[in-house]
Amino acid sequence: MNVGSNEEAETLRHLFGVRWPLVVRYVEWLSTAGLERGLIGPAEVDRLWERHIANCAALAPLIPVDQRVIDVGSGAGLPGIVLALARPDLEVLLIEAMSRRTAFLREVVADLGLRDVTVENSRAENVACTAPVVTARAVAPLPRLVKNVAHLLEPGGVLLALKGARVWQEVHAAEHLLAKLGYQPGVEVLTVRAVAGQLTVQRDADASNDRRWATVVRVIKQ
């Protein structure tokens, strides 16, 4: 398991700053207890940094300062714990429906000393609180996701969903649902890349995977 290319390592170290040792410890959690408890597949252990940590860290520059964030379907803490490590100014609520995953999250949060991170064992549909930012990764296709989290977003709040190769198919399938669910019209597709040790964000960028860390869908609540 390695951090990836020199540029990826430089960018990650810059992003996490003094919390870098905590990120390393979190990766150790994922590759040991996370693997043993079935939260991380065996094939993922050697690519945790580039496929998971870097991918989740790409959300960090998209969130304004001092925000409350609800991370739905947190699983092993991706992206919620990564965000909390990269952005200590954020207050993060991790929502996870499976008890064994919730137990793992609570152990990790306690071990890393993340005081502004709370874990709730619940389905997103049953959560009553709201936040200006909701994040999601590998939770559901976009049409179902925008429906399940609409009640969690404050007016003007933003849903940030990490997506893969089928992003445009999901966007087209979800667009007709936005108005009836209380979202603003239109979906933004953002590409986050590492350039010269910094993360850059482009809107509707080309499909090239060169230096791409993540593809993020951004939807805004009315």
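Heads up, the Cβ atoms here are built off N, Cα and C, so glycines get one too.
Among the candidates R87, R115, R137, the residue that Swiss-Prot annotates alongside G73, L78, A124, E125 as binding S-adenosyl-L-methionine is R137. Neighbour counts of Cβ atoms within 10 Å were taken for the binding-site residues L78, A124; the minimum is at A124.
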